[in-house]
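*Asks:* Structure in structure tokens, see below.
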Amino acid sequence: MSTQNNPNQGYNSTPDLTEEEVQRISDGFKIISMKMKNAATGEVLWQCDDWNLREGEVKDVRFPKKILECSEVSRELVFQSGEEIKYFQLLQRIKFHGQEIESLYFRFGFVIPGSTNSWDQVIYADTEGMMPAEVLSGNLVVETLFMSGDTVVHRSFYRIFYE
Amino acid sequence: MGLLKLLRSLKKNEKEARILVLGLDNAGKTTILKALSEEDISTIMPTQGFNIKALTQDGFKLNVWDIGGQKAIRPYWKNYYENTDGLVYVVDSSDEVRLKECVEELQSLLAEENLKNVPMLVFANKQDLQFALDAEEIMSHLQLMEIKDRTWTIQACSAVTKEGLQEGMEWLVKTISEKK
């Protein structure tokens, strides 16, 4: 079985990048868009084509409540990189009232210089009951770290509202 | 149901497989992926990097990697071979002019150490077009009968009508699960 996306098997040690290299990767990196889709039907539920967050900025996003009713939600992230990145990985932390409740890891590996790339991740619903939108809305913050090996090249935050 | 539980279920220990989709530019790799996930296929641009899609098929969670097929991008394909459980090679069956190029790229893929023994599905795509070669003709051009070191199949398909897509993916997942 493929274990490449097991967070316990992330890159153990990757060559250190110089400050200049990190800066170049960071400058050339840009998230283009984010889309939330009903994975069962392909229907786009929410979309943002202007997702250029500055370092440390917290963006407010307003998802339709019906996103919580989908049994499978597909999230598509499109990003550009000017530079080649050898050990590209993503770590996402979801915080509820400031407390980390979940984290997500994905290893991309190699990123082609001058590339535009998309990543779709499907999130499945459990059959058990869940917190209502009113409780979650405004209290969920998603922190996304894009890394080259252990070095963070892009960090962004978004706060989720349901309406 | 809501986000907390949605997110929790990401950690379920599912059977996973990494699928690599390659082929010349304009073969229809991205369109096939979008068609498989029921997305709109009317505005697809040439891929300038990779597209990763998560699909589920017969209890398998598939991470499908579609890498751009333009000539300038092909030298980077080798960065994506490692840990591949299944290879999908997409052919534009209507592009007779570039069949030779298509064969050459396939030959060099099959010689790759990191793709050794990896099961391969060949999609003879664009069967909806009037002058498309059929799967048998594509098979003979690609000299598939000479492949002895891996399990392979060829499936006629059309990403536009979705004909053949499901059959191909079912074969691939079945073959991967038998191998694992």
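Heads up, the Cβ atoms here are built off N, Cα and C, so glycines get one too.
The GTP binding site annotation in TrEMBL covers B:G23, B:L24, B:D25, B:N26, B:A27, B:G28, B:K29, B:T30, B:G69, B:N125, B:K126, B:Q127, B:D128. Look at TrEMBL and you will find B:T30, B:T47 tagged as Mg(2+) binding site.
Help me picture where these features are in the structure shown.
*Replies:* The number of other Cβ atoms within 10 Å of the Cβ belonging to B:K29 (GTP binding site), over all protein chains shown, comes to 28. In the three-state DSSP scheme, B:K29 (GTP binding site) is classed as helix.
Listed in sequence order, B:K29, B:T30, B:D66, B:I67, B:G68, B:G69, B:I73 are the same-chain residues six or more apart from B:T47 (Mg(2+) binding site) with CB atoms under 8 A from its CB.
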*Asks:* Within 10 Å of the Cβ of B:K126 (GTP binding site), how many other Cβ atoms can you find? Include all protein chains, please.
*Replies:* 24
*Asks:* Using Cβ atoms only, which residues of the same chain lie under 8 Å from B:G23 (GTP binding site) while being at least 6 residues apart in sequence?
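*Replies:* B:G23 (GTP binding site) has long-range Cβ partners B:K29, B:G69, B:Y89, B:V90, B:V91, B:D92, B:C102, B:E105, B:F123.
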*Asks:* What's the longest C-alpha separation between any two of B:G23, B:L24, B:D25, B:N26, B:A27, B:G28, B:K29, B:T30, B:G69, B:N125, B:K126, B:Q127, B:D128, the listed GTP-binding residues, in angstrom?
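*Replies:* Largest pairwise Cα separation, rounded: 21 Å.
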*Asks:* Which residues, sitting 6 or more apart from B:D128 (GTP binding site) on the same chain, put a CB under 8 Å from its CB?
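*Replies:* Long-range Cβ contacts: B:S158, B:V160, B:T161, B:E163.
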